[in-house]
Amino acid sequence: MNSLLHHSFLKTVFSSLAIAIVTSSLSSVTIAATHPLDNHPKGEIAASSETAHNPWSGTRLIVAISVDQFSSDLFSEYRGRFRSGMKQLQNGVVYPMAYHSHAATETCPGHSVLLTGDHPARTGIIANNWYDFSVKRADKKVYCSEDPSLSADPQNYQPSVHYLKVPTLGDRMKKANPHSRVISVAGKDRAAIMMGGHMTDQIWFWSDNAYKTLADHKGEMPVTVKTVNEQVTRFMQQDEAPVMPSVCADHASALKIGNNRIIGLAPASRKAGDFKTFRVTPDYDRTTTDIAIGLIDELKLGHGNAPDLLTVSLSATDAVGHAYGTEGAEMCSQMAGLDDNIARIIAALDSNGVPYVLVLTADHGGQDVPERAKLRGVETAQRVDPALSPDQLSLRLAERFQLSHNQPLFFANEPQGDWYINRNLPEQTKAQLIQAAKSELSNHPQVAAVFTASELTHIPYPTRSPELWNLAERAKASFDPLRSGDLIVLLKPRVTPIAKPVSYVATHGSAWDYDRRVPIIFYTPHASGFEQPMPVETVDIMPSLAALLQIPLRKGEVDGRCLDLDPTEATTCPVK
């Protein structure tokens, strides 16, 4: 089989697991946490006459898939190489250039957008981490998917939906009909939480060495999850050396970065017990997929008397992108695994026997390591100047203003994004330091723009097409006056905000289009597909799915709009 689907690192242990999960044997197992309608006979819900004429109507199961860091650039590069699941999806409705319109192109803000229909300014999820000076603990840095009241140590946080301000599609489905079930599965807790929302029935994410759930979800672990965790425990006792797919030979080229580290030649090998490297191997996404397809059958999703929602976030593309960049053999091998995993999900949905709609997109884009990009003609590709770090700037300003060096003047996670002034300083001093910091940062050759919170507060909310938004408007879409920093710093294009490549060599998070643009693909069997190259927004996904489910939205209730998925004179959107 000469395709991306075929690559020899798909181990026998997973093949047997996949068979065990998707066959009907699991459907005979009784678990305590099942829905009252789980015993509904499979296939009893027949397609209505309306469904027969309009494949988008009568949906019993919505499946929303996010591929972490799957940029429009990656989609463009590999869409002609896909031979399986990703190729099949391209028979659907394809938006190759959808925009995360906001500036903070990180995992948590991006996932908060996908199924809420709102920009981060409304969801409240302005970054993966920010500073909340109202929390009682000493460390004021908070994680987007934690409840800080439950832990004094942010390194030992309790995953929670606490910070998400708005409802998700799943929350709206549950409000419309409490019998709807919301199941969320992901490699990252923040992805599962932000896509699932406030009312998940089942939520599973990778944590340390197994798939786990939220502390307040007390039901019995499904057989599917238990089986996958047992499989992980067994195969992690052995070394693994994945074999690179033959189609990736043209991407294999050695690149030396950092302290003589070599990347680009082959997918990562893993030693027994190395759970960190596990996240950049095919096993990471494959086990997440195994849980998703297993729960489709075990919970009989779509077979109740109300539509169900399954959200899936595949996190390995992001892990590979951070560790190796986007243009080496590592990412090519990862794309092969993605193609296979999507094929398995589609096969499970087809076997499930109920009408479904699948949407695939991403939480943000990404860019390659600057060292390789520069070799390939991107002359502006570079790493950030260490002098732009908040600590370095604090020291310089402390000298200028004759302030103590015992505490930082500014707090920030990295040079780009939100910067917070030290709240213990006098008000007049804070105002002077904010203006001084803005001036110094703005004059740095790697900085594109610096906005104060006051400036962003007074900027009108943008309404034009997202590719036309200026930097201030992009920052505005990520700005929450109660959570955002006193300064928002945007670096120039192709400046990687990692000064020294160690474990992370590449990243995202900028306001530039390579981080903002992602594909959106809507797919349902037997529907006429089309491609629309004109830009749309990721906030448009939720209103489009809500329309298919006939869940009404008031004008202006969300930032997104319904996308018409029917290429004929008929429409899948509410008639005005």
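Cβ atoms here come from the backbone N, Cα and C positions, even for glycine.
Keep in mind the model is a prediction, meaning the values are calculated, not measured.
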Considering the candidates CYS144, CYS332, which is the cysteine that Swiss-Prot reports in a disulfide bond with CYS248?
CYS332
If I go by Swiss-Prot, which of ASN128, ASN129, ASN156, ASN229 binds substrate at the same site as LYS188, ASP189, ARG190?
ASN128
From the list CYS144, CYS562, which cysteine is recorded by Swiss-Prot as disulfide-linked to CYS573?
CYS562
Looking at Swiss-Prot, ASP318, HIS322 are annotated for Zn(2+) 2. Which of HIS119, HIS508, HIS526 sits in that same site?
HIS508
Could you look at ASP68, ASP73, ASP139 and say which one Swiss-Prot places alongside THR107, ASP363, HIS364 in the Zn(2+) 1 site?
ASP68
Other residues, Cβ within 8 Å of ASP68, THR107, ASP363, HIS364 Cβ centroid (Zn(2+) 1 site):
SER66, GLN69, THR105, GLU106, GLY110, HIS111, ALA191, ASP318, ALA362, HIS508
Rounded Cα separation (Å) that holds between CYS562 (disulfide bond) and HIS364 (Zn(2+) 1 binding site):
21
Hey, of ASP68, CYS332, HIS364, which of those recorded positions are within 10 Å of HIS508 (Zn(2+) 2 binding site), Cα to Cα?
HIS364
Taking the recorded substrate site as ASN128, LYS188, ASP189, ARG190, identify the other residues of that chain whose CB atom sits within 8 Å of the mean position of the site's CB atoms, giving them in sequence order.
THR107, CYS108, HIS111, TYR143, CYS144, SER145, ALA191, ALA192, ILE193, MET194, PHE205
DSSP on CYS562 (disulfide bond), three-state: which is it?
coil
If we count other C-beta atoms within 10 Å, could you say which of the disulfide-bonded residues CYS108, CYS332 has the fewest?
CYS332
Nearest to ASP68 (Zn(2+) 1 binding site) by Cα, among ASN128, CYS144, ASP318 (recorded positions)?
ASP318
